[in-house]
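Feature annotations, reproduced from TrEMBL:
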type     : residues : note
DOMAIN   : 20-106   : domain 'Pyrroline-5-carboxylate reductase catalytic N-terminal'
TRANSMEM : 203-227  : transmembrane segment
TRANSMEM : 247-270  : transmembrane segment
DOMAIN   : 248-393  : domain 'Ferric oxidoreductase'
TRANSMEM : 291-312  : transmembrane segment
TRANSMEM : 347-369  : transmembrane segment
TRANSMEM : 381-399  : transmembrane segment
TRANSMEM : 419-441  : transmembrane segment
Amino acid sequence: MEKNTTMIPLTTDVPNKKETVCIFGTGDFARSLGHKMMQCGYSIVFGSRGAQTSSLIPEGATVLSHAEAAETSAVIILAVHRTHYSFLENLREVLRGKVLVDVSNNLKINQYPESNAEYLAQLLPGSKVVKAFNTVSAWALQSGALDASRQVFVCGDDSKSKEKVMEIVRSLGLTPLDKGSLLAATEIENYPLQLFPMWKYPIYLSLVLSAFIFFYCVVRDVVYTYAKKQVDRSFFIAISIPNRVCPAVALILLALVYLPGIFAAVLQLYRGTKYRRFPDWLDKWMLCRKQLGLVALAYAFLHVLYTLVIPIRGYVRWRWSSYVIAQVLNNKTEPLNNERAWMSDSYVSLGILGFFLFVLLGITSLPSVSNSVNWREFRFVQSYLGYLTLVLCTAHTLVYGGKRFLNADTYPWCLPSVYILSLIIPCIVLAMKFFLIFPCIDRPLTDIRQGWERTPKGISQINSSHCRSAV
């Protein structure tokens, strides 16, 4: 019995010999793009102010004047800066009806009132302007798409012209992303100029926390010791204080990763619906949770490195040798304190387990890993294992402190230890999460997130009156 099967090609049917494409400009990007397109089967004609062939031009390409080059192709890639667009006015008739691909970028965000692509469309109203390739560098084209982002943002008002450009993008082994009309060109042009947009707030927050905790420790451990006991502990600034700053910042940032989710849950319970926007500050906070977690992981790594060098510190070796000599001189060996041994081993063990899960969270947040798991697996790791990591790291800090918080001598100038300050936000997060997992709270929250809405009393009374009148 024969089966009728339909074969679906994995790639687009593109002939080996493609059309001719014209590129205005012979700079680094124009040459790299032309070379890449020639490798993919296109015939390339460069349009230049001087028609002389240079040794830098890819072999096999043709160099003509702008007017002559424009006659050879229906697609013209404009690889020149906006400040040099004036020569295009003389080519208005030659470029009428042709597809103009603007690849330009600016030096500053929102440098001009309109985007370069919109300005080009105003300058040449008879041409079909498409914005593309501005997020790809010459180096990426030379070294291959695997070494850089494969996405190419494309926007334009003419759908057929846009589809033609997207076909060129696909043939180069890149992935086109349709951003809509030319109104999106401003956003596309600003994108390469942004410096870590999602990392700004996490980095600023971590630096502020680090500075505050650092100076707090300096006052508490260095200034106080010198003022009250005339003992110079300024060398603590090199390792001891950073090794208190790093774990404190890491724990606080990890707690801040999960705090906005709790705020969102409380807000949805209060509103009785998920179909209302969160406040802007909460939206931005939730969007940068991944970055907060990775910055926290970086601080945790620093804490591990600082801890590993403790045995080779001069101060630590002096304390150990002084302790041993004191026992020898007194002819007395201090017995092992089982409680202290348990506390020490427990806090180290909790730290190792917490750091292991912390690293696992960081690995699964990488795009190459997160794209290979389904949503349920990703949610299990980031949510359930994430809270377990927070529990282990919080327990690690609690056991490290032990009963020291009960000793009045640990509060110089009435200042508590840094580990006590670092526990405030994590304990609040874990306490709020503990209440949210109660069935009486978790069930309505789950219903709300599945689309159920709590009907206001006024509306329910109106609906019931309508039902009675209908009966």
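Positions of Cβ are set from backbone N, Cα and C atoms, glycine also.
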Taking DSSP H, G, I as helix and E, B as strand, the domain 'Ferric oxidoreductase' (248-393) contains 122 helix, 0 strand, 24 coil
Taking DSSP H, G, I as helix and E, B as strand, the domain 'Pyrroline-5-carboxylate reductase catalytic N-terminal' (20-106) contains 28 helix, 21 strand, 38 coil
Sequence-distant residues near the transmembrane segment (247-270) by C-beta distance (under 8 Å, 6 or more away from its ends) are 202, 205-206, 209-210, 213, 278, 282, 285-286, 289, 292-293, 295-297, 299-300, 303, 358, 386-387, 389-390, 393-394, 397, 418-419, 421-423, 425-426, 428-429, 432-433, 436, 441, 444-445, 448-449
Contact set of the transmembrane segment (381-399) with the rest of its chain, CB cutoff 8 A exclusive, min separation 6+ beyond the ends, reads 247, 250-251, 254-255, 257-258, 343, 346-347, 350-351, 353-354, 357-358, 360-361, 364-365, 373, 419, 422-423, 426-427, 429-430, 433
Counting only residues at least 6 beyond its ends, the same-chain positions whose CB falls under 8 A of a CB in the transmembrane segment (347-369) are 254, 290, 293-294, 296-297, 300, 304, 378, 381-382, 385-386, 388-389, 392-393, 395-396, 399-400
